[in-house]
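> Below you will find the structure I want to go over with you.
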Amino acid sequence: MAQQPTSGSSFPSDLTLDILLRLPAKSVWRFRCVSKLWLSITTDPCFIKSFGTTRPSLLLCSIKCHNFFVTSTPQHTHHSSTRSYSSSQTFHCYPMKLPGEKCYFSNMDSVHGLICIEDADSKKPVVWNPSTNQLLHLPKPNMSSKHANVFLGYDSVEGKHKVVCLPYKKTCYVCRVFTLRSGQESWRTVKTNLKHRCIGYASGQCIKGVIYYLARNSQTYDTVIMSFGVLSEIFRMIELPSGIKQDVLISYEGRLACIDRNNNTRLWILEDADKHKWSFQDFFLPLNEWDMGVSREEHNWTATPYLDNRFKLKGCTHAEIHIEKKHMGTEIPTSPEISEALLLPEPNKTATVILDQDEHVPEWKEQITIRGLVVSALLGTLFCIITHKLNLTVGIIPSLNVAAGLLGFFFVKSWTGFLSKLGFTVKPFTKQENTVIQTCVVACYGLAFSGGFGSYLIAMDEKTYKLIGADYPGNHAEDVINPGLWWMIGFLFVVSFLGLFSLVPLRKVMVLDYKLTYPSGTATAMLINSFHTNSGAELAANQVKCLGKYLSLSLVWSCFKWFFSGVGDACGFDNFPTLGLTLFKNTFYFDFSPTYVGCGLICPHIVNCSVLLGAIISWGFLWPFVSQHAGDWYPADLGSNDFKGLYGYKVFIAIAIILGDGLYNLVKIIAVTVKELCSNSSRHLNLPVVTNVVDDEASEILLVKKKRDEVFLKDRIPLGFAVSGYVGLAAISTATIPLIFPPLKWYFVLCSYFIAPALAFCNSYGTGLTDWSLASTYGKIGLFIIASVVGTDGGVIAGLAACGVMMSIVSTAADLMQDFKTGYLTLSSAKSMFVSQLVGTAMGCIIAPLTFYLFWSAFDIGDPNGPYKAPYAVIFREMAILGIEGFAELPKHCLALCYGFFVAALVVNLLRDITPPKISQFIPIPMAMAVPFYIGAYFAIDMFVGTVILFVWERINRKDADDYAGAVASGLICGDGIWTIPSAILSILRINPPICMYFTPALAS
């Protein structure tokens, strides 16, 4: 007889879910222990969000005889017809043991279901979940003050709470941040870029992922409102309206508002934080103010009595109820927040909710347009030229993503506006189309870097071989392949697409499940979203005007400089001894390059200062010291570019610093990645977050997130397509690459493709956490391994080619995941992002070699005394030779110096990680210091001029600097880059500049 199924096994799961949603929060928490099924249901984020929508409640807390009581009552929903509490209303009251005898509650609402407390005895912040009556004790933050201002924030993008601690009544230089449910064991330190001082236990609010609190400007001592982005972790200062005396910050219709204590019925509402723009509304209070609060004299409260706010579970925004508080001796319950429930707007003044929940999202095919692809090709060409120029001169390439998004917006908007004026009907320009253009451009010019045109490909050419020396051990004439247009295009086509297919199946895991930040992708998405709003479009138009102005100035100046550059490499402004002829001989001079000044404006201050410090150490002290030992350490009659002389010291010490920095950061990011992956599996053991209420702000956040998830998952990329694409491309590549590079046998290529997805995942995950892609480091690892395995018979070419294979895969995979993040935040289809990456990569496979060949034909690439030194060509070829021959032929004491600088790079990186931010922010970056060791100090001077300009600009007007510095820098770089095209054409036609401006010492009288 067949066994009958039990009732539990046939119980419908949807009915189980419905029953669990109706239970009290504490019961749901206990029932997690019933079974694995119930545990998975009750810990699912969708269940938690749905659970919160069913039971909005009001939380009242009171202290009586040193005992703490918590009372909660169900709250009327927005559509409820009941306007007040009745005597039959259910109240839940329970005593609660506080973590210490004295506790301070943060002056802000609950944030997504949690409340933050500070234990005055242990000085430790405590996070309280009223739904489960749980307390999570956080580690004590290392603060300079005895007490701290504690704020709790919620990031809807990553779905995480963050606790922020700032010094109490002391100037803030750094703050401490703790992310809940992230596996974090200690506080992270975040630098506060704006010096300010919190006002006592400052009132705070968390609205749409931004924490606001009251503070004083440490320079002007004016009262201001500080904002802290929970996701970006960036501070901003907001000026208050003149003449008001604020006291309490509240959330009003999803916006920050504050009460004017000089006019108790006036509410000031923040309209635009960037422009410090406020509006106000006047209200009348339905109750007598002294009936709504406890008298100041009786309980010695310092805040305005009827507006005093300690904490409250959010959700009474639309309850429209009035609670009359009674004075009961030592019982001091906290008052509910003054919000729409107690502020009734006058009939002639209404507020609007700025949210377009019905925003139309185009289909993925509509997001990819012909005009968008044309603009992408034009901008891709321009940015490839800029990347080549930087790659072949100094090897430092700043991010051009902002310029790509901005110029894409400008070109399409200009085109649609022009056609509209002619009477044509044009298709609206959407943020999705803007995202596709930006993705195509970045994919295109990214190949100008990962394609190796300034590193491993050009390291194979005859000029680099001769520069190192035909008699140099391991440097063989057989290991030479000169650049050819067709084989470079073919090589890029067979290696550049594999990275796109390697991680496509993990897009949901990386973006939605792990919620990786991808800071550059997130920043680009925020920029594009801002372009397509009224205020954002206005700012974008101003930024485009600024970019156009400085692009024109840069273009005219570059043209002017050309007339004085003469024939050869010693003429013109590029060789202007601005600091004197003595320093000029040691490459210390300002060469009036708009490109390098623009790089200084874009790169962080610490990068520019690190480059200058590296130049001072090497060209100011080290190379003059080594030169004094010519004839002892190395033969004095060697040429300036002989690796057995001073040139060898320059190259190998630079290599040692680069390898030390790369190795440290590789180990660090792998460790962070492993730790983060392990913490994901145990997140349910941390503090459970149950959202009791969902107000307008939370509802809006959930709606936006739900829409983003739906759009991101709507257009699926089949797993079979991704796998078959990778396998097919790997097979083609395995068969083709040995034809281009015979020493790299097919089995080496095949082994590379077996391990490439794992390395691509590590690099993409690390980029998502740190915004730092280590593609070149993974490439160097492949270079050393393959070169050492192949040996003297073709090991140099095999190692350099293997480096290219590995760099292409891990770089494009990280770029794709970053673009997926951008697309997710701009409501762009995942399929349109993937297709635009494919199209952009295809463009780059053609445009990048063509633009490089323009440089190769017009200029003397690789000349150590010319402007296009191609510094990494020599470095990469020497790395391959080192993998084969070792260190036997280095000049005297060169190996000892290399060991010293290698260890120094490790130590400096370690110090940057273990010292407090107020110290580590001044510790240089070894990778940036290494570049001038080989190239020279002139570009470091230019970049330092750029960083000084930015520093002064930030001190004069920080908002303008934040808004327009990127546009100014992009204009300077683009203008100089555009001039490269006519300059190259003139060089090909053998048209030389008419004047040679040259400087020599004055003759003695």
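Cβ coordinates come from backbone N, Cα and C, glycine included.
Note that the coordinates shown come from a computational prediction; the quantities given were computed from them, not determined experimentally.
Pulled from TrEMBL, these are the listed features:
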DOMAIN    11-50  domain 'F-box'
TRANSMEM  394-415  transmembrane segment
TRANSMEM  436-459  transmembrane segment
TRANSMEM  485-506  transmembrane segment
TRANSMEM  606-626  transmembrane segment
TRANSMEM  646-667  transmembrane segment
TRANSMEM  717-740  transmembrane segment
TRANSMEM  746-765  transmembrane segment
TRANSMEM  796-817  transmembrane segment
TRANSMEM  838-858  transmembrane segment
TRANSMEM  894-911  transmembrane segment
TRANSMEM  931-953  transmembrane segment
> Relative to the transmembrane segment (646-667), which of 717-740, 746-765, 838-858, 931-953 accounts for the most Cβ pairs at distances under 8 Å?
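The stretch with the most close Cβ contacts to the transmembrane segment (646-667) is 931-953.
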> Please give the sequence-distant neighbours of the transmembrane segment (436-459): residues at least 6 beyond its ends with Cβ less than 8 Å from one of its Cβ atoms.
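For the transmembrane segment (436-459), the list is 367-369, 372-373, 375-377, 379-380, 383-384, 386-388, 391-392, 395, 397, 400-401, 404-405, 408, 412, 483, 488, 492, 496, 524, 528, 775-776, 779, 783, 800-801, 803-804, 807-808, 811-812, 815, 819, 822-823, 828, 832-833, 836-837, 839-841, 843-845, 847-849, 851-852, 861-862, 870, 872-877, 880.
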> Let me spell it out: take the transmembrane segment (796-817), skip the flanking residues so only those 6+ beyond its ends count, and list any with a Cβ under 8 Å from a Cβ in it.
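Contacts with the transmembrane segment (796-817): 442-443, 446, 449-452, 455-457, 459-460, 474-476, 479, 481, 491-492, 495-500, 502-504, 507, 510-511, 516, 518, 521, 733, 737, 740-745, 748-749, 752-753, 756, 759-761, 763-764, 767-768, 773-776, 778-788, 790, 833-834, 837, 841, 876-877, 879-881, 883-884.
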> Which of 485-506, 606-626, 746-765, 894-911 shares the most C-beta pairs under 8 angstroms with the transmembrane segment (931-953)?
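Answer, by Cβ pair count: 606-626.
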> Over the domain 'F-box' (11-50), what is the model's average pLDDT?
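Mean pLDDT for the domain 'F-box' (11-50): 69.
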> Residue list, the transmembrane segment (746-765) vs rest of chain: Cβ under 8 Å, 6 or more residues beyond ends.
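Contacts with the transmembrane segment (746-765): 498-499, 502-503, 506, 510, 514, 516, 669-670, 673, 676-677, 726, 730, 733-735, 737-738, 773-775, 778, 782, 786, 789-790, 798, 802, 805-806, 809-811, 813-814, 816-817.
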